[in-house]
Amino acid sequence: MSLPHKFIGVAVIWNDRGQILIDKRRQGGLMGGLWEFPGGKIEPGETVEECIKREIWEELGIEIQVGDRLMTIDHIYSQFAVTLTVHHCRHTNGEPQPLECDEVRWVTLDELDFYTFPEANFQIINALRNIVRG
Ligand SMILES: Nc1nc2c([nH]c(=O)n2[C@H]2C[C@H](O)[C@@H](COP(=O)(O)OP(=O)(O)OP(=O)(O)O)O2)c(=O)[nH]1
Ligand SMILES: [Mg+2]
């Protein structure tokens, strides 16, 4: 049996105050109510960078500059598998709006502990802490 496999571009969006943008997935849907780093499915013919820029515009209505890749994570959930390609991004323009989620918030690395993320995100959060704190 092979699980469906989703390829996702994920953005760690930094602002000038060293905060990161997170969003709360819509209640009811898959992983509803969990917080995540914004992003979505890579479409055919699209690079990860293009996917991230497009998704962030569609989901949050802001402009970003997509920077270096932080990491790629393969994770298997009970119903599907995901490959998350995570890039550092910089917020350049616009006020984030919850266009396709329930809420958006700027948080510090420390504050991430107060939010519940999907299982695969532990690796992302650990990597961010290692980078920032050496
Ligand atoms: N954007 C994002 N997705 C994440 C993170 N962590 C994590 O496991 N995921 C998973 C949850 C989703 O299955 C998938 C994100 O894709 P999506 O939000 O566009 O897809 P979806 O759940 O709407 O899936 P579908 O119903 O359209 O098939 O990746 C994260 O930090 N950010
Ligand atoms: Mg999405």
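Quick reminder: no glycine exception, Cβ is built from N, Cα and C everywhere.
Note: TrEMBL annotation is automatic and uncurated.
Under 8 Å, Cβ to Cβ, and six or more positions away along its own chain, GLU36 (8-oxo-dGTP binding site) finds VAL10, ILE22, ASP23, LYS24, ARG25, PHE117, PRO118, ASN121. TrEMBL lists ARG25, GLU36, PHE37, PRO38, GLY39, ASN121 with the feature 8-oxo-dGTP binding site.
What TrEMBL records for GLY39, GLU59 is Mg(2+) binding site. Close to GLY39 (8-oxo-dGTP binding site) in the fold, though at least 6 residues off in sequence, lie ILE8, GLY9, VAL10, ALA11, CYS51, ILE52, GLU55, ILE56, LEU84, each with a CB less than 8 Å from its CB.
Sequence annotations record features per position, and here TrEMBL assigns domain 'Nudix hydrolase' to 3-132.
Taking the domain 'Nudix hydrolase' (3-132) as a whole, pLDDT averages 97 in the prediction. When every Cα pair among ARG25, GLU36, PHE37, PRO38, GLY39, ASN121 is compared, the largest distance found for this 8-oxo-dGTP site is 14 Å. Residues ARG25, GLU36, PHE37, PRO38, GLY39, ASN121 make up the record's 8-oxo-dGTP site, and a Cβ search at 8 Å around their centroid adds VAL10, ILE22, ASP23, TRP35, PHE117, PRO118 from the same chain. Among the binding-site residues PHE37, GLY39, GLU59, residues whose Cβ is positioned under 6 Å from ligand 1 are identified as PHE37, GLY39.
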